């Protein structure tokens, strides 16, 4: 399935990735090749076959709804680029 | 000491031939001498020597286990408390985790000494170790060739005797393929056998940590140290960890039923020297009393396309956490929130990672989900059913690990699909969640060839026993490249 540079821009937007105009052509060519390659899945008869999401088909283990981890905010904030009064500081991006 | 196995080093430490501090110093010196391999991203000499001192003290108290005082390295995908963890990416620039991965905790508790973090393909995406932000790793057998990926740094470090063992992770073959290309032994355990807590996630239904070492016996020692139940990983299986090393003595290749998939034997594009080495290996097993029979895995050929839908889909979701807000790389002077996300991710991720995120985003997007993602999961079940049928009549499945020996650096870098086919024999195992290992089985043009053995779920003991049996018959695993190059 050929992917155009415009479609690359749309996919990149959905993935929140900045892709330069000059790289778009390369991405379009690579994505087209990869999608062509995976197209062969269409030749397999999967009528009535259940999808397999987990190789051991385990169900998700649940725990009781009780706190199990201590408060480690200070230790975690020690590695953050910038904090103030217990909050993480991030660039102002909303006017 | 550099050519000794964990088992041999353990005996040397036990007999007082050397101390762990001396061994660790020698290890750090050798790593410096082999710096041109680019096998390490970060070295931790100070903490390593402190751990070695503690190991010597534990031994003096009579508290030593098989890993006490043994220097090892961790792939840079494992979080290490207080030590940079980059996952081979600029995106994790400056990231110093405040906690250890489960595997790191376990091996630390077993007394192993961590000397550093090994180089890897960025976010474990690659089959050649050329996508690392920290540059490619070189194959110690031929410095113009790749070591395989994504655990290429760990593989090169073990192959050249810098450390006797290292950790790796295997999502589509990332332990076994570099093990094959560098002539070492590498094991991908059953999915869920080893906790994934603290491993930077790539494709959560496929990722599994495992050991890389120079013999099956050492893999057994390392796996015993790494495996175990951990409530922090909800996919980790609550099941007792056997003494894999003790199981080696009880396994005999006599009577072992070995299946040879005709799809692997007849596959196109397999190097002649790989085919002949694998044939010779299975013949050696047969002569030792194994029963070798042809089997069929009819959907094996679909494993790579299934993987290149499922793995990028899961990666696109897992890597959405790297957004420039919380930790890791952040772009300069963002204009607004969308610009912050897009430029941080665009500048922080390398090309292969971006490619896979886009493939995954596309496969999961409205209108394409059924055609790609759901379809891939259906074929994944067929691949798993093939294995289940095969294991009704055989104990292990044998074949090549990689279709070729180590290929030249740069030779596949511009052709992603060709690169993806490097893992054509390993990927089906991850889709089915099975354990599998690669062991050295010969050479082609001076480069190692790997033999892959695949087992049924949780049959690591039988697999290691088969590999150990083979290593009693041959000495391929004893061959070493020259570190001096």
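Start at 1 and count along the chain as shown; that gives each residue its number.
In case you wondered, yes, glycine gets a Cβ from its N, Cα and C as well.
Please treat TrEMBL annotations as automatic predictions, because they have not gone through curation.
Straight from TrEMBL, the features:
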DOMAIN    B:22-464  domain 'Amidase'
ACT_SITE  B:75  active site, charge relay system
ACT_SITE  B:150  active site, charge relay system
ACT_SITE  B:174  active site, acyl-ester intermediate
Under a criterion of Cβ-Cβ distance under 8 Å and sequence separation of at least 6, what residues of the same chain contact residue B:150 (active site, charge relay system)?
B:88, B:120, B:121, B:124, B:125, B:126, B:127, B:129, B:169, B:171, B:174, B:178
To what whole number does the mean pLDDT across the domain 'Amidase' (B:22-464) round?
96
Under 8 Å by Cβ from residue B:75 (active site, charge relay system), same chain, sequence gap 6 or more:
B:117, B:118, B:120, B:151, B:153, B:154, B:166, B:167, B:168, B:169
